[in-house]
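**Q** Can you keep this structure in mind? I'll have questions shortly.
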């Protein structure tokens, strides 16, 4: 930590506190994510390891936040990221007026390029939401927070946790307890983000898992085997029943938007995961090639971070004093690299 000067605190999450800092020698501004270990014998948290592994796999992409360095510090370690000014949730929340059609197209294009790159590198993010889409001082959007990311294969026989993704952006198969799923969970989240950009408010703001499922069913209609053949195979399918409910036309859910936008939204928000449009296919949709065209990044709003950060605040396991010098770490640097490459 001696090579960095701490400029302030950005926020905190389940496994770390994030600080704005400046590299003393180069003057570069970065974000430092300090991950503390609850107990040394527990080892490095899986979410932190997944974040390191995912970003190592992706390497350098202009639509994914860059991991610059990882080093041990005290009873934990520090991830060094490029510094980003704000996030998309701040853009939505602080907009004095709804985003223009061209601004929405620009954000969606950057998001889809990042998601396409992740999926083409066999990485599911599993927690796409506006707060995890960071915005630079030049208006560029980059995907961040890979703590729930996993490598996937097309064989489809691997089991994953269904307790992933923030509730409002959680795919219906996850709400029904699916343990076998694919990158379609990210594509559902992209659709939810798209709808939120169009409406300036969340599409499915459920307060608990059951209400979340009700929000989805209210719009898309009650699923059956005709529209979703795999639904009866989902673990929680028989645990709760819903009355028959016809779908509401998406034109009524996102009024005052173009037919092309509604058509693309429909292609994300479908029950069968395999039927959701891929990120790469979505980039070729007529929506992006009809007027108004996507805005230049210089035309996008650049919000300042507010006093309260939009990420969920959680109590850190140990207090971390940035001013206290720690010349030796109890975490072996080689273990970070070793575990990161083996974690999946």
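The first residue you see is number 1, and the count goes up from there.
Cβ atoms are placed via backbone N, Cα and C, with glycine included.
Not my notes, these are from Swiss-Prot:
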{"type": "ACT_SITE", "residues": "127", "note": "active site, proton acceptor"}
{"type": "BINDING", "residues": "10, 11, 12, 13, 14, 15, 16, 17, 18, 33", "note": "ATP binding site"}
{"type": "DOMAIN", "residues": "4-288", "note": "domain 'Protein kinase'"}
**Q** Sorry to bug you, but what's the C-alpha spacing from residue 127 (active site, proton acceptor) to residue 12 (ATP binding site), rounded to the closest Å?
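**A** Residue 12 (ATP binding site) to residue 127 (active site, proton acceptor), Cα-Cα distance: 16 Å.
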**Q** Any idea which of the recorded positions 12, 127 has the thinnest Cβ neighbourhood at 10 Å?
**A** 12
**Q** Give me the CA-CA distance between the residue listed as 'active site, proton acceptor' and residue 10 (ATP binding site), in Å, as a whole number.
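**A** With distance taken Cα to Cα, residue 10 (ATP binding site) is 20 Å from the residue listed as 'active site, proton acceptor'.
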**Q** Suppose we draw a 10 Å sphere around the Cβ of residue 18 (ATP binding site). How many other Cβ atoms does it contain, all chains included?
**A** 18
**Q** Comparing the binding-site residues 10, 16, which residue's C-beta has the most other C-beta atoms within 10 angstroms in this structure?
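**A** Of the binding-site residues 10, 16, the most buried by Cβ count within 10 Å is 16.
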**Q** Determine the mean pLDDT over the domain 'Protein kinase' (4-288), rounding to the nearest whole number.
**A** 88
**Q** What does DSSP assign residue 127 (active site, proton acceptor), in three states?
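**A** Coil, per DSSP.
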